[in-house]
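Feature annotations, courtesy of TrEMBL:
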type: DOMAIN; residues: 169-446; note: domain 'Tr-type G'
type: BINDING; residues: 178-185, 242-246, 296-299; note: GTP binding site
type: REGION; residues: 446-469; note: region 'Disordered'
Amino acid sequence: MEDALQLTRAAADEKSQAPQAHMVRVVSWRRQPSTNGWTFNCYTDLVIQETVIPPTAIGSSITWCSCPVQCRICPCRVDMANSVAFVAPALQDAGVARQIHTAPVSPSPKASSTGYAGPAVASVAVALAARTVGRQRRRTSARQQVAMRASTLDQLKQVGGKEGSIPLTKYRNIGIMAHIDAGKTTTTERILYYTGREKNIGEVHEGQATMDWMEQEQERGITITSAATTAFWDGHRINIVDTPGHVDFTLEVERSLRVLDGAVAVFDGVAGVEPQSETVWRQADKYKVPRMCFVNKMDREGADFFKDVQMMVDQLGTNPVPIQLPIGKGGSFKGVFDLVEMKSMIWTGGELGAKYDVTDDIPEGMEEEVEKWRENLIEKAVEQDEEVLEAYLESGEPPSLEDLKKCIRKGTLSFSLVPVLCGTAFKNKGVQPLLDAVCDYLPSPVDLPPTKGKNPKNEEEEIERKNEPEEKLSGLAFKVAADPYIGTLTFYRIYSGKVKSGEMVWNPRTKSKERMGRMVLMHSNKREEIKEAQAGDIIAVVGLKDTTTGDTLCAVDAPIVLEKMEFPEPVIKVSCEPDSQKDADKMGEALAKLAAEDPSFRFSRDEESNQTVIEGMGELHLEIIIDRLKREFKVEANIGKPQVAYRETITEPVELWYTHKKQTGGSGQYAKLCMSFEPNPGEGFEFSNEIIGGTVPKEYVPAVIKGTEGELLNGIRMGFPVVDVKAKLKDGGFHPVDSSAIAFEIAARAIFKEGASQAKPIVMEPIMKVEVITPEEYMGGIIGDLNSRRGIIQNLATRGNLHVVNASVPLAEMFSYIAELRNLSKGRANYAMEFEKYEAVPENVAESIASKS
């Protein structure tokens, strides 16, 4: 096999029978130790295919798929002994380009069971490029390339209910999440390359990453908006969402996790668990998203896999279970040891990481480590299944490979454990085993509990829908984006049922029908049109007019309201004034479009100053918004200094009566209310109707709610929005002629204003969680500076040869902090910051704020 493998039919015979060949490039191969055979990964256009060539292949039937579409799922079979000539000399040589020439013929009877009219292979030939000097390589014609791409897109358009397509059990809807610069997008780019979705690797630092398509992303080397794509691996369809890591864009992570079934949390091998790592982890906990961990950058000096695992325990409160161990450290990192299959995977550096060796050998010096962590894996895995645990305790023998994988999967889906893998995406090591783990351990849509929602006609009635195509349609619009060429794109996750382009659906929020326009699959900012989608699919719909982020779209004859999405409150604001009247005319429309895309961005008109005020999650967030105004909407604007988004609340409960009365002859106004208001820390505004006996008719209660909520925006002491208040409607009175909705709305505004002023109101400011990483010699100055900014030091830690200062600091004190930090540390320290909570402002600071407002 290592010198040559020749099957019986001569190349001349196959040439006489075969039509013009397709060209497929071999991008990787590896030896199978158990069979001494070979596995090839090849792609035609966008697609990867794989087969195993055993040493007994001469004169026998082997499995090979020639379809120029998703070949990993097409079990075509062909008798190679009777139809092909196959030559594979010196396959173990690294770095040599190879080509496979395939010529399709009619499928063999063995291929008919797939239900796909894919051709079988008529001829296959593998040759070393070095031995083809002086000979013209065969290339696909433009027509053939178009045909292959069209076939690939046909596969992308398939839904699970169609014959021959991928079943729903092999769908994986996953997100890649992490702290900024941990390597999320780099990992995603490798996934796209190894699955054949992209022919080249796009590098983030070069501004060429496929998933970072915005100009601002390419210039800054960071992810700003979540981007979706679809790839295929080992017979599975993987819908991937790459999310931002910067705290200012946390909404993108929030709404992505809301609609995903699983996640891969990427960690920096040196830094370990960082502030935004904790935030995205909590977001995944909130939406009950099963996940696995990938410790990245294992090639960097100071990378410590076991330290990172312990940080997951200490800071995330989770149960990490390594299923791989790193082979080598820092610059000597060369692969991973698979504790599940007990195999070493070594990357030699060639073929952009596509080629790697798999052996049964335990690397020298790792015997004790492997034994320790293998035992840890087995003990934690068998706890997930009573039968496997009982068999293990009785026999003392480790479970079979199948049972072990089943237990790990069961533990992952039940949140009892989190598998941990490692590698270095930038150096192209460890990504293929990560893909295997995604398929093995993360859930399909059918593995998840039924989707729950409310009956829009009776909010107390809960409705369940199985995550299956046979159910009635239900899905969530989780993102709205403006496309300069086709208009509004609404990203839509389908939980149950099917939908076709042009079909009418129901929006419970607007209580109206919407027509599903063109439906597309997204590949970053590229679109591939489809005609039908089903449960498990994540698609984008063109031209929905009245659908916004968080809306449910469901079957017209089976309405349901899915769990709403929650959006974070802005913490910073600036004034934004157009340069000219021409800019003013365009700015309002532009800001409205940006706010529709991003619910964490808000804008309003300050009546006193007559200025437009924009609010967001941080300085970078607003900087990007302003940049988009200029680039996309051609609006030039003058931007004021950043201001803190203060809030007000109450600290004591209060109950009072109020009567609104205006009766001067003719139709008058009358409303009488008894309400209580009490603090509701961290829970926002809540309203409850506790009236028994109809002293306030039910038709007037919505007006009371509207009036109360309206007055929240006007503030109490300083005009800042009021938050965290629980309002209860206790009693009231009405007049059969003079009472009206407007009268009760006015009464509600007045009673809240009077009651809140009696409940000891306070001003609150956003507190930021700050992490500073610095060499030891600058620690004293940095801590002193944080204290001077009203900061509270939470803890001190070491990270390799650096020191870490964690503190809680008011946002008002953190503007332009980076300049001072660079000055204090001679440019050697860095920091990260994220929103932590709102907290009461000290009285002396409140007085200063009042004097400026």
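Using N, Cα and C of the backbone, Cβ positions are placed for all residues, glycine too.
Same-chain neighbours of the region 'Disordered' (446-469): 159-161, 168-169, 261, 413, 495-498, 508, 511, 534-536, 552, 559-563, counting only residues six or more beyond its ends whose CB sits under 8 Å from a CB of the stretch.
DSSP places the residues of the region 'Disordered' (446-469) in helix, strand and coil in these numbers: 2 helix, 13 strand, 9 coil. A 10 Å cutoff on Cβ-Cβ distances gives MET298 (GTP binding site) a total of 27 other Cβ atoms nearby, all chains included. A sphere of 10 angstroms centred on the C-beta of THR243 (GTP binding site) encloses 28 other C-beta atoms. According to DSSP, LYS184 (GTP binding site) is assigned to a helical segment. Model confidence over the domain 'Tr-type G' (169-446) stands at 88, taken as the mean pLDDT rounded to a whole number.
The sparsest Cβ neighbourhood within 10 Å, among the listed binding-site residues (ALA178, ASP181, LYS184), is found at ASP181.
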